[in-house]
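Below: one structure, written as structure tokens.
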Amino acid sequence: MSAKPTTLYDKIWNDHLVHEAEDGTCLLYIDRHLVHEVTSPQAFEGLRTAGRKVHAPEKTLAVVDHNVPTTDRSKPNPDPESAEQIAALAENARDFGITYYNEFDKRQGVVHVIGPEQGFTLPGTTIVCGDSHTSTHGAFGALAHGIGTSEVEHVLATQTLIQKKAKNMRVTVDGQLPDGVTAKDVILAIIGEIGTAGGTGYVLEYAGDAIRSLSMEGRMTVCNMSIEGGARAGLIAPDERAYEFLKGRPLAPKGAAWDAALRYWDTLRSDDGAHFDHELKLDAAALPPIVTWGTSPEDVISVTGRVPNPADIADEAKRLSKERALAYMGLTPGTKITDIKIDRMFIGSCTNGRIEDLRAAAKVAEGKTVNANVNAIIVPGSGLVKEQAEAEGLDKIFIKAGFEWREPGCSMCLAMNPDKLAPEERCASTSNRNFEGRQGFKGRTHLVSPAMAAAAAIAGHFVDIRDWH
């Protein structure tokens, strides 16, 4: 009798299941643990108090990213609390024997950029981090998701995690993406379709021609924002594109171990006939460049559209929520998206801070000048991304056009470091969240692709990137 068809999520889950209790609570083995300075101090302190060691330091990688300044690092950190957290991570990594990339190491960067870059992220592995955007690593066919600080301590101590199994959802995007439409637009469109709660209780598997055609950078962008759709994690089955990206990376398998890994990785795809609890299909050809207008990632609209009118929403709670969003964003229903002016622009983050993103922005910026009323910063996702961009001359293009070229870090994605919006400043951002106060107190965030962000910085307002050239 042939085995029951199985989803990719089920395969990875079953390979890592240590124990399942009668109530469905499971103990899962964790292959990789990424650590940063914000969610780890209490976890390490818990280990010290209990007299425990890190169970598998070789499967743990630490990096500073959230609090680190992206300007001159030869000067002291201006925020004492941030400086304390950075110093604590360095001390904890040293005391517990964990590999650590500090702010002066060229391998340093945003945790979800450096994992794949180093080959620490591998197909078929379970990966956790005290950060919600750990779902990024699902682009390689890894089961990856964020955990809380108490869970960080549990994984450090045991290399296992207690959780319940999620349901399966498949999101299929078929067809070819039009010019000017990117992976960022794909995931924003998906979130707009299912809402920020639509993926709750699910692991999303992305499939279809449009997904397969994406670069690894693009796939990481899609999986990165799975959490904004409410999902536990996002997955894309690994293929030759993933293998090519990983081959030769410092921490990837070598020689016979690589060949053995490939044989296993080739099994990591959902079987024909595997059951999904929910299916969603999108037509890639119908997708436009997208701009968010509100304070939730589900508040999406085509760049050619107008700010919607909440009065058209029948559900009272949702209507009031969208009215509040418009008031916070300082927008009027019916306003053309291309008439919305910006004050700031941010290209970077674990969503869009990779070399492909910087190349796309440089293509838009070359020979142009940033609008006099806009402050625009570009923050590479890692020191190695920065090094590669500079080798390609992208930094010169940006600086000549009037963009600020920064050091790697989380930067303006979140208001935990000096890169913040002032109250009521409006930002075109390539990050992943547009919540109230996310980029600074009363700051106004519009989520867009790197090319759309660069074009807005130059024009001073949102423009349809399809008309740019």
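Even glycines carry a Cβ here, placed using N, Cα and C.
When the candidates Cys223, Cys350 are compared with the [4Fe-4S] cluster site entry in Swiss-Prot, which names Cys410, Cys413, the shared residue is Cys350. Excluding Cys350, Cys410, Cys413 themselves, the residues of that chain whose CB lies within 8 A of the CB mean position for the [4Fe-4S] cluster site are, in sequence, Asp65, His66, Val110, His112, His133, Gly348, Ser349, Thr351, Gly353, Gly409, Ser411, Leu414, Ser431, Asn432. Cys410 ([4Fe-4S] cluster binding site) is surrounded by 30 other CB atoms, counting those within 10 A of its CB over all protein chains shown.
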